[in-house]
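Take a look at the structure set out below.
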């Protein structure tokens with residue numbers, strides 16, 4: 001005998017016989033048994049679509065209807081009674097000495113009518129639709145009784161309209177339903193009355209009772225007179241076998257294909273699996289067989305319900321007592337930026353817990369939405385028309401900080417706008433401005449107010465250190481111009497400066513005094529030993545009202561004919577004095593520092609112009625330039641393209657005459673700037689004896705600017721040189737203790753100023 005059975009079990013048994021698809025499809029029955037919005041996503045999500053006879057079963061139809069109505073939880077309690085164990089001996093007889101199968105002649109006739117090469121449609125019409133896809137091997141007959149409760153948790157948590165707090169209908173909880181379900185088999189009648197009363201009063205539950213077979217009879221004395229039913233449970237399993245085992249070998253594979261197409265594709269197409277993905281190859285009459293429109297529509301409706309729930313969660317958060325109490329505690333006498341609100345937020349533990357509750361609810365909601373969206377894309381990937389998906393954006397703490405600002409500053413005249421901290425303005429509904437309130441002053445560091453004015457909170461009352469109050473605003477206490485103390489810039493533009501340096505124009509030459517005990521200008525000398533020379537301005541004696549800036553250096557060096565000597569120059573700069581010990585070495589050709597440029601002159605001798613161009617980028621103060629001249633011998637290396645240099649004293653033949661050298665002239669290019677030492681001394685005197693209130697701060701600001709501008713012109717290096725101390729020591733003739741006191745006062749004052757960063761310097765002058 002052949003038994004029909006629900007397609008979920010049919011599919012699991014049938015697939016076990018099709019070897020190439022076994023590993024891919026073993027999870028189908030598990031997916032069918034899961035809740036629609038919680039099952040694991042896989043290439044076979046389409047199995048839960050409206051395809052095949054499985055979706056025509058009563059149990060699944062009830063399940064889908066309840067799910068679409070919002071019933072998200074199901075409680076089921078049941079008991080069963082198994083009396084008779086039945087077995088099918090058809091397969092056993094076939095394997096026993098070739099005995100004929102005890103099958104109906106009609107079944108054999110339909111097999112013969114199929115022929116040797118039937119189409120899938122012929123197999124479906126002649127076998128599957130008449131006899132099903134499986135037959136029963138063994139089962140248990142008996143009876144069962146069950147109670148199923150579908151619960152809508154959202155409606156269950158809401159109190160019925162018009163009900164009082166003391167009524168029983170308003171106190172229904174999940175615990176109550178648990179207790180009622182557990183008492184069903186103890187006191188069936190009273191339990192059903194109670195459940196039906198709750199179902200009518202709250203519409204939050206749906207109750208279904210099933211009683212079949214002998215167990216469902218009220219009179220247990222006459223069990224044999226009641227027709228038994230198949231009992232399926234972990235203890236009483238139904239064993240099915242695919243119908244193809246009863247067919248000839250040439251029909252078995254085609255039958256499996258036809259059965260899968262019938263179950264999975266509802267006979268609207270051919271079932272195909274490829275690369276771990278399965279779908280239906282639709283027939284011409286059913287172009288949308290892969291598109292489960294009903295399931296897609298249900299999921300879109302679920303997304304709409306999620307959007308409504310999302311709005312309700314946010315609205316409940318704004319209407320909560322914790323949110324309202326937090327808003328009342330916010331200070332109104334100064335402007336609250338998002339950082340300040342966040343700090344106050346972290347201080348309110350009740351408000352934090354309420355926000356965490358909102359976050360947890362939102363996370364669960366968005367996880368559910370993402371599962372639905374993933375499933376929706378999976379089901380609709382072969383639809384001709386893709387679904388439109390719109391989900392609300394997740395609101396972070398930054399959104400709520402701006403939302404709180406909107407409640408504070410954009411909530412006038414019954415209109416709520418949106419506040420922007422960047423523009424410090426409100427965007428009101430319908431492009432109006434009536435929602436904007438008067439914004440209080442901003443309290444903070446730097447140019448922000450120290451306090452707001454008590455009579456008008458939109459204006460500053462007091463300011464921070466380094467700022468002054470002007471017309472209700474805090475403006476920086478800008479130091480007066482330092483140009484009358486010391487100059488820094490020239491009127492020449494960069495291009496003009498570059499042109500004059502290239503031409504070695506005498507208009508930018510600084511006339512310095514040449515001093516050397518080792519040599520004289522325009523005189524030949526033996527270059528075997530190091531020669532020392534210097535160019536000094538002696539400003540303390542001759543130019544006390546000027547400081548000088550070096551832009552370049554030029555030397556004209558001549559050698560005797562056929563000389564292999566190569567001049568090597570080392571340059572040291574003393575910014576405001578004359579000694580070598582307080583000079584810094586010029587890093588020629590290191591990193592991005594300029595290198596010497598040699599230009600051959602049209603003279604009988606080997607004469608070259610050696611030019612070092614600093615320009616505006618590398619310009620610096622100078623008082624004395626120390627130049628050390630060494631020479632080396634240039635010889636050809638082992639390779640013709642290489643050159644080897646020797647020191648003259650290290651040459652193989654020290655007695656050999658290496659030639660002579662002379663320097664025709666040395667020029668320093670730069671410019672001189674105004675310098676008033678007496679005015680700076682008077683400025684320093686105000687640190688101890690201020691003229692008026694506030695003049696000490698003004699003097700400190702001016703000295704800070706002079707210090708920073710002087711030190712900014714220090715040579716390149718990891719740390720700046722302390723040129724300002726050299727200026728105080730050599731040009732103002734201050735003692736070491738006075739210099740230390742002034743530097744300490746400037747550092748202490750600079751630390752009080754807002755948004756300032758002090759820097760470390762390297763001492764140059766003792």
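Cβ coordinates come from backbone N, Cα and C, glycine included.
Here is what Swiss-Prot says about this protein:
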SIGNAL    1-33  signal peptide
DOMAIN    74-264  domain 'MACPF'
CARBOHYD  168  N-linked glycosylation site
CARBOHYD  337  N-linked glycosylation site
CARBOHYD  456  N-linked glycosylation site
CARBOHYD  562  N-linked glycosylation site
CARBOHYD  609  N-linked glycosylation site
CARBOHYD  641  N-linked glycosylation site
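Cα to Cα, residue 456 (N-linked glycosylation site) and residue 337 (N-linked glycosylation site) are separated by 19 Å. With respect to their backbone Cα atoms, residue 609 (N-linked glycosylation site) and residue 337 (N-linked glycosylation site) stand 64 Å from each other. In three-state terms derived from DSSP, residue 456 (N-linked glycosylation site) belongs to neither a helical nor a strand segment and is classed as coil. Between the CA atoms of residue 562 (N-linked glycosylation site) and residue 337 (N-linked glycosylation site) there is a gap of 79 Å, rounded to the nearest whole number.
Taking the glycosylation sites 337, 456, 562, 609 in turn, the residue surrounded by the fewest other Cβ atoms inside 10 Å of its Cβ turns out to be 562.
DSSP assigns residue 609 (N-linked glycosylation site) to a strand in the three-state reduction. Under the DSSP three-state reduction, residue 562 (N-linked glycosylation site) is assigned to coil, being neither helix nor strand. Mean predicted confidence for the domain 'MACPF' (74-264): the pLDDT average there is 79. In the three-state DSSP assignment, the secondary structure recorded for residue 337 (N-linked glycosylation site) is coil.
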